[in-house]
Amino acid sequence: MEKMEENNNEQNNAERPKGGLITMPFIFSNEVCEKLAVVGFSANMISYLTTQLHMPLTKAANTLTNFGGTAGLTPLLGAFVADAYAGRFWTLTVSSVIYQIAMTCLTLSAILPQLRPPPCKGEQVCQQATSGQLAILYGSLLLGALGSGGIRPCVAAFGADQFDETDPNQSTKTWKYFNWYYFVMGTSILVAVTVLVYIQDNIGWGWGLGIPTIFMFISIIAFVAGYPLYRHMDPAGSPFTRLLQVSVAAFRKRKLAMVSDPELLYRNEDLDASISVGGKLVHSKQMRFLDKATIVTEEDNVKAPNLWRLNTVHRVEELKSVIRMGPIWASGILLITAYAQQGTFSLQQAKTMDRRLTNSFQIPAGSMSVFTMISMLSTIALYDRVLVRFARRFTGLDRGITFLHRMGIGFGISVLATLVAGFVEVKRKQVALAHGLEDKPHSVIPISVFWLVPQYGLHGIAEAFMSIGHLEFFYDQSPESMRSSATALFWTAISVGNYVSTLLVSLVHKFSAKPDGSNWLPDDNLNEGRLEYFYWLITGLQVVNLIYYISCAKLYTLKPIQIHSKFDGESEEDGVELASKV
């Protein structure tokens, strides 16, 4: 009897479905703690570099955007490891440990006096950090970039993996998950830019960096604790190798005449089984030169093909999907370039303005991004509860509007954000001039910091539309076996956007310099600069980018996929979808 009960328990455990809503507390608790750590680490870092390490403003700004750029490139490495070898769970776990080490090192540098230059004394020229002190900083930033490279492409995709797309009861929950994910992430960022930044500015950098370090440790424990409940997707081999094989096979057969009937192209469901669990990609008419990789010749063994000579239609369509996403990916770069200014020049604007809420309390400059977070969270809530239901009546889509429309709205609002930022800077300098403070960079200008709220708020609204739409786009339109890699493209766009910001700042700083020492982006005195011209330059670039995006969106072809039925185990012959299914 006992043995029978044990067998029944084992059978019940084996049949218990994994994933679903029960895993969300573990994944979201990890995301909350991780974002508290990451944002607490970076939100006020411009102040740490300028006030603690005494870096010049432009060097500090470029250090941060370079770090942001590097942290946006490493997800390609993390995604490759996750998709090809380790899987998302273990990639997330190991990467979190690496990030923990990075934060511990940076916290120690803030606590130990010998790891940073001495404080400034009066009007004395501040001593900059030594090469050894900078080495610890750069080493910590590099480890942080490496750790985030495994976290960023996997955490959103791993959460979405918990919902089975072949199950009609769960398939509509995936797009909602991205809204939940961004809302939880935004809430934790909101706490970071208020509580943690206040601690850094008013209590000390040791506590200000130590608390996020502790939260990072908690996030690792919370995430690992949910291991038995997760739905794990097995790695299906290197996606980049498959893309290269298709390219080589198409090149080797480039001289062959194309077959007249697409049904004659090579298909092998057994070969593709591990990379088409949710459905197989069907033949599309674009980029037909790649279809030559699927033409069977006398030299090919169809039972055990040499994948460097012969590939399946599904694998060719994987490459086509990635290529089709490229132009949409590129359109997100300039929005990140515009957004990056909040952590550099917008923050410096805030430091010169009246930030008092009461006679005894003033808003830390690094906390101004709280208005971005509030507007983003409010927009997400309004979008999910009101806009989707309203738009659904006209479009018939479960998600209300497509992710392409959602991204386009975000681009348009971002243009308005930088346009407004330029006019606010004009107003700020007018007040400085009227009170004779244009030559006093450390004096507080009698203009309320709340003049900056519109630009911060508009950036938050733009992010709620564009960034979530971008993330949805990459997850939905990528081949299922490449979702970590495709999600990494989201972060790679952020990386390139930060690098473009660095390049743009450096070029403007160089070419706007005049013999009298004036500059659009001065190192020491923002009041004597022309920051508004810089904002309007970004505005013009974004207008061009919006036109480019609209063109790309109109020409974009959604991936065609034939869904596998969850219940009968067979493909639905009428299941080819050209539209998003999540």
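Glycine residues also receive a Cβ, built from the backbone N, Cα and C atoms like all the rest.
The transmembrane segment annotation in TrEMBL covers 180-199 (among others).
Sequence-remote contacts of a segment are chain residues at least 6 beyond its ends whose Cβ falls under 8 Å from one of its Cβ atoms, and for the transmembrane segment (205-230) they are 18-19, 22-23, 25-27, 29-34, 36-41, 44, 48, 52, 89, 92-93, 96-97, 99-100, 103-104, 106-107, 110-111, 158, 162, 192, 196-197, 199. Residues or ranges marked as transmembrane segment by TrEMBL: 205-230 (among others).
Within the chain carrying the transmembrane segment (322-341), a Cβ under 8 angstroms from the stretch's Cβ atoms is held by residues 65, 68, 243, 286-287, 404, 407, 410-411, 414, 417-418, 421, 459, 462-463, 466, 470, 473-474, 477-479, 482, 486, 489-490, 492-494, 496-498, 500-501, 504, 535, 538, 541-542, 545, 548-549, 552-553, 556-557, 559, all 6 or more beyond its ends. If you look up TrEMBL, you'll see 322-341 (among others) marked as transmembrane segment.
If you look up TrEMBL, you'll see 361-383 (among others) marked as transmembrane segment.
Per TrEMBL, the feature transmembrane segment maps to 403-424 (among others).
Residues or ranges marked as transmembrane segment in TrEMBL: 444-468 (among others).
Long-range neighbours of the transmembrane segment (489-513) within the same chain, counting only residues 6 or more positions beyond its ends whose Cβ lies under 8 Å from a Cβ of the stretch, are 58, 61-62, 65-66, 68-73, 75-76, 152-153, 325, 329-330, 332-337, 339-341, 344, 470-471, 474, 519-521, 530, 533-534, 537-538. TrEMBL lists 489-513 (among others) with the feature transmembrane segment.
Annotated transmembrane segment per TrEMBL: 533-556 (among others), in sequence order. Same-chain residues lying 6+ beyond the ends of the transmembrane segment (533-556) with a Cβ under 8 Å from its Cβ atoms: 324, 327-328, 331, 333-335, 337-338, 341, 345, 404, 407-408, 411-412, 414-415, 418-419, 421-422, 425, 504, 508, 512, 520-521.
Only residues 6 or more beyond the boundaries of the transmembrane segment (361-383), in the same chain, are considered here, and those with a CB under 8 A from a CB of the stretch are 43-44, 46-47, 179, 182-183, 186-187, 189-190, 193-194, 197-198, 200-202, 342-343, 346-348, 350-351, 355, 400, 449, 452-453, 456-461, 463-465, 468.
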